[in-house]
Amino acid sequence: MSRPLVITEGMMIGVLLMLAPINALLLGFVQSTPDNNKTVREFNVYWNVPTFMCHKYGLRFEEVSEKYGILQNWMDKFRGEEIAILYDPGMFPALLKDPNGNVVARNGGVPQLGNLTKHLQVFRDHLINQIPDKSFPGVGVIDFESWRPIFRQNWASLQPYKKLSVEVVRREHPFWDDQRVEQEAKRRFEKYGQLFMEETLKAAKRMRPAANWGYYAYPYCYNLTPNQPSAQCEATTMQENDKMSWLFESEDVLLPSVYLRWNLTSGERVGLVGGRVKEALRIARQMTTSRKKVLPYYWYKYQDRRDTDLSRADLEATLRKITDLGADGFIIWGSSDDINTKAKCLQFREYLNNELGPAVKRIALNNNANDRLTVDVSVDQV
């Protein structure tokens, strides 16, 4: 007759210690490892594509979550419990074009002339209407792109914001020299630009406190553009990002845009993604209030060739770069123009099932647990 097994307190503690890492992994907890440069992170991919537009053709896109493990709003709603994006919410000051091509100033045109109270009132209305759930727990994205709060960065199509800002100061001080006028225009623009962006974010966090809030595209990098041809972010841009800690400390999530361009080489496309993710991770590491998630915005089409889906090679190389650098996941974005006909919906579903979905599952979500979740946050290499 066998003797009964006696489980001692020491044995029980040993078993619990062995099970603890497994339980933490299954429950999605974040754990530090003995190496201070490594941490265990959850990795999530979000669906921010308006595929609800295809429902009228009998195409439901259930496989997004069921087959590929991508976080998708219930019933494929565009705004739901996982993610909600607010396009140009509120009444930010902006210079817009009317149907005739004439420039019209909305709410003052530039932040230093804008009515913040009016903007916040409209923003609250938009938020209540578009995210009615007060306990919304997902990723909340504020997509405002009319101007940037760093005066220098309003170039190209955004140059009118600098021009108007300078004109206002020159009218007030006709005897000032050009340098003094521009310095004052810069000071005012950045002061009130910060105020509008800060107060908007505060309002969003007050009204939907369970959400993870961030501004689309920030931090910027501008790498692999005509004026910044390197894959690395330019030092000036990085210094300006450091000065924007007022924004990044308040955000819960950093959302750099890593849209690819056809006119780059395959290696440059990987470099573009690497440089922008690396900069977001650098900023995230500097923050003192809380750990900031980094979720790059990823489009499955080439930004400068919108009728062309990303190739399998570009999908695999760039998704692998995002995971290898240690981001917390990424957000798959799509335009309504991508799927505004039945033919486009059918073509996109084929692409999803043949290329995009399998690549996401294979590279981002189906990696070995240690390779996927234990990531090196020392991002010295792009």
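These residue numbers are counts, starting from 1, taken along the chain as shown.
From the backbone N, Cα and C atoms, a Cβ is placed for every residue, glycine too.
Note on ASN37, ASN263: Swiss-Prot annotates N-linked glycosylation site at ASN263; no matching annotation appears for the rest, which is not proof of its absence. Recorded disulfide link (Swiss-Prot): CYS345 to CYS54, out of the candidates CYS54, CYS221. Within the set ASN115, ASN223, Swiss-Prot records N-linked glycosylation site at ASN115. A helical conformation is recorded for CYS54 (disulfide bond) in the three-state DSSP classification.
Checked against CYS345 (disulfide bond), the recorded positions ASN115, CYS221, ASN263 differ in C-alpha distance, with ASN263 being the nearest. Within the set of recorded positions CYS54, ASN115, GLU145, ASN263, the entry lying nearest in space to CYS221 (disulfide bond) is GLU145 (CA atoms). In sequence order, ARG60, PHE61, ILE339, LYS342, CYS345, PHE348, ARG349 are the residues near CYS54 (disulfide bond), counting only same-chain partners six or more apart with C-beta under 8 A.
Shown in sequence order, ASP304 are the residues of the chain, 6+ apart in sequence, with a C-beta less than 8 angstroms from the C-beta of ASN263 (N-linked glycosylation site). The Cβ of ASN115 (N-linked glycosylation site) lies under 8 Å from the Cβ of MET91, ASN107, GLY108, each of these being in the same chain and 6 or more residues away along the sequence.
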